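Q: This is the structure I have questions about; it appears just below.
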Amino acid sequence: MTNYRVESSSGRAARKMRLALMGPAFIAAIGYIDPGNFATNIQAGASFGYQLLWVVVWANLMAMLIQILSAKLGIATGKNLAEQIRDHYPRPVVWFYWVQAEIIAMATDLAEFIGAAIGFKLILGVSLLQGAVLTGIATFLILMLQRRGQKPLEKVIGGLLLFVAAAYIVELIFSQPNLAQLGKGMVIPSLPTSEAVFLAAGVLGATIMPHVIYLHSSLTQHLHGGSRQQRYSATKWDVAIAMTIAGFVNLVMMATAAAAFHFSGHTGVADLDEAYLTLQPLLSHAAATVFGLSLVAAGLSSTVVGTLAGQVVMQGFIRFHIPLWVRRTVTMLPSFIVILMGLDPTRILVMSQVLLSFGIALALVPLLIFTSDSKLMGDLVNSKRVKQTGWVIVVLVVALNIWLLVGTALGL
């Protein structure tokens, strides 16, 4: 009886510790369902039905492994990826990495900020510029939570992630997809045209986020409680749950677009405004409203995450710190410029996701090198299978990007 109580008590303690360590992956996961995903997934689903769902499945599995490696680096070394690059690489390489990481972070924030502004425009009937102002105010308010520590921010962003997931369950019910075709699209690879390759690269860029690779290692580098192995075990659960939710949202997003638009003849829907307006007569006003609300939630939470990632990148690479409100103000400017110039916001969203896909390999290569170094990682060093899988992911990403560049240059 005594042994049972001891085991029960230790089991409760282990569960309590796992719960206490939950959260960092939810902040990372929100980057995987930002408005860039909305734009790319809607275009892919409307244009090609269920044919590109397999890209989402494999990209999400890759993302799970990548985020586990990023989190593991922080746990094992007490330093984030940017700091490790700074400590191990020559200064010119470090400065190159910092510049490209800042560009990637700003491209990400552009997509997220404009996406939230579009969401406000759709559900409130305001102008895009007014939506951008509302987005700026809302993100400043959310960032103020950082003053109270990481946990309050994790709870708010985790709540927004769950809201977006719930919203897309509702959208799935409204759209009534063909489950047999949906399942086929998830498991059978298909890239029927050069446009499909372009969108596949965009889906990859929208699903595997370079800036979140840097951020996640910083969120776990100061975790406390239990042994390193226990913290790593809890982190794997954290990543598995958060990334499964994010992957589900991306799948449902593309499947909903396929069911609602592609199979009703609206294959040219490539604009978030058009998607919202088309949903109203096809499904219902409620479905369109849920779409708008989920876009706002995804945009607000992911633009906050983008701001945090930019801060980590700057501090890690060049040891320079600026207040979060200053960074938020500066990174809002490109979004306002795009809006004031009257550029197509949805096209900007998709292009930003393609740009992101070029930053994945640059973040992945050092991540794999560091996490495969037994001197750095100790007992958390990568296994041979993980190393091999990681390099396969790098090769796939680079190959897809080369295919995209050649196809674009030749006008294929």
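In case you wondered, yes, glycine gets a Cβ from its N, Cα and C as well.
Relevant sequence annotations retrieved from Swiss-Prot are reproduced here:
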- 1-19: topological domain 'Cytoplasmic' (TOPO_DOM)
- 40-51: topological domain 'Periplasmic' (TOPO_DOM)
- 72-95: topological domain 'Cytoplasmic' (TOPO_DOM)
- 119-125: topological domain 'Periplasmic' (TOPO_DOM)
- 146-155: topological domain 'Cytoplasmic' (TOPO_DOM)
- 176-196: topological domain 'Periplasmic' (TOPO_DOM)
- 221-238: topological domain 'Cytoplasmic' (TOPO_DOM)
- 259-276: topological domain 'Periplasmic' (TOPO_DOM)
- 298-327: topological domain 'Cytoplasmic' (TOPO_DOM)
- 345-350: topological domain 'Periplasmic' (TOPO_DOM)
- 371-387: topological domain 'Cytoplasmic' (TOPO_DOM)
- 407-412: topological domain 'Periplasmic' (TOPO_DOM)
- 20-39: transmembrane segment (TRANSMEM)
- 52-71: transmembrane segment (TRANSMEM)
- 96-118: transmembrane segment (TRANSMEM)
- 126-145: transmembrane segment (TRANSMEM)
- 156-175: transmembrane segment (TRANSMEM)
- 197-220: transmembrane segment (TRANSMEM)
- 239-258: transmembrane segment (TRANSMEM)
- 277-297: transmembrane segment (TRANSMEM)
- 328-344: transmembrane segment (TRANSMEM)
- 351-370: transmembrane segment (TRANSMEM)
- 388-406: transmembrane segment (TRANSMEM)
Q: Can the transmembrane segment (388-406) be said to touch the transmembrane segment (96-118) if we require at least 3 CB pairs below 8 Å and skip pairs under 6 apart in sequence?
A: no
Q: Which one, 197-220, 277-297, 351-370, has the most C-beta pairs under 8 Å toward the transmembrane segment (96-118)?
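A: So the stretch in question is 351-370.
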Q: Contact between the transmembrane segment (351-370) and the transmembrane segment (52-71) is defined here as three or more C-beta pairs under 8 Å separated by at least 6 residues; is that satisfied?
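A: Stretch pair touches.
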Q: Between the stretches 20-39, 126-145, 156-175, 239-258, 277-297, which wins on the count of C-beta pairs under 8 angstroms to the transmembrane segment (351-370)?
A: 20-39
Q: Select the range from 20-39, 126-145, 156-175, 239-258, 277-297 that forms the most Cβ-Cβ pairs under 8 Å with the transmembrane segment (328-344).
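A: That would be 126-145.
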Q: Counting only residues 6+ away from its ends, which parts of the chain sit with a Cβ under 8 Å from the topological domain 'Cytoplasmic' (298-327)?
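A: Cβ under 8 Å, 6 or more out: 27-28, 30-31, 33-35, 37-38, 80-83, 85-86, 94-95, 97-98, 101-102, 105-106, 108-109, 112-119, 135, 138-140, 142-143, 146, 153, 156-157, 160-161, 164, 211-212, 214-215, 218.
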Q: Would you mind listing the long-range same-chain contacts of the topological domain 'Periplasmic' (40-51), meaning Cβ under 8 Å and 6+ residues beyond its ends?
A: 177-178, 181-182, 184-186, 190, 192, 195-196, 199-200, 202-203, 205-206, 250, 253-258, 261-263, 266-270, 272, 275, 349-350, 353
Q: If we skip the immediate neighbours and take only residues 6+ beyond the ends of the topological domain 'Cytoplasmic' (371-387), which ones have a Cβ under 8 Å from one of its Cβ atoms?
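A: Sequence-remote neighbours of the topological domain 'Cytoplasmic' (371-387) are 65, 69, 72-73, 75-77, 84, 228-229, 232.
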Q: Do any residues, 6 or more residues outside the topological domain 'Cytoplasmic' (72-95), come within under 8 Å Cβ-to-Cβ of it, and if so which ones?
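A: Distant Cβ neighbours of the topological domain 'Cytoplasmic' (72-95) are 101, 213-214, 216-223, 228, 231-232, 235, 312-313, 315-319, 363, 366-367, 370-371, 376-378, 380.
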Q: What does DSSP give as the helix, strand and coil breakdown of the topological domain 'Cytoplasmic' (146-155)?
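A: Once the DSSP states are binned, the topological domain 'Cytoplasmic' (146-155) shows 9 helix, 0 strand, 1 coil.
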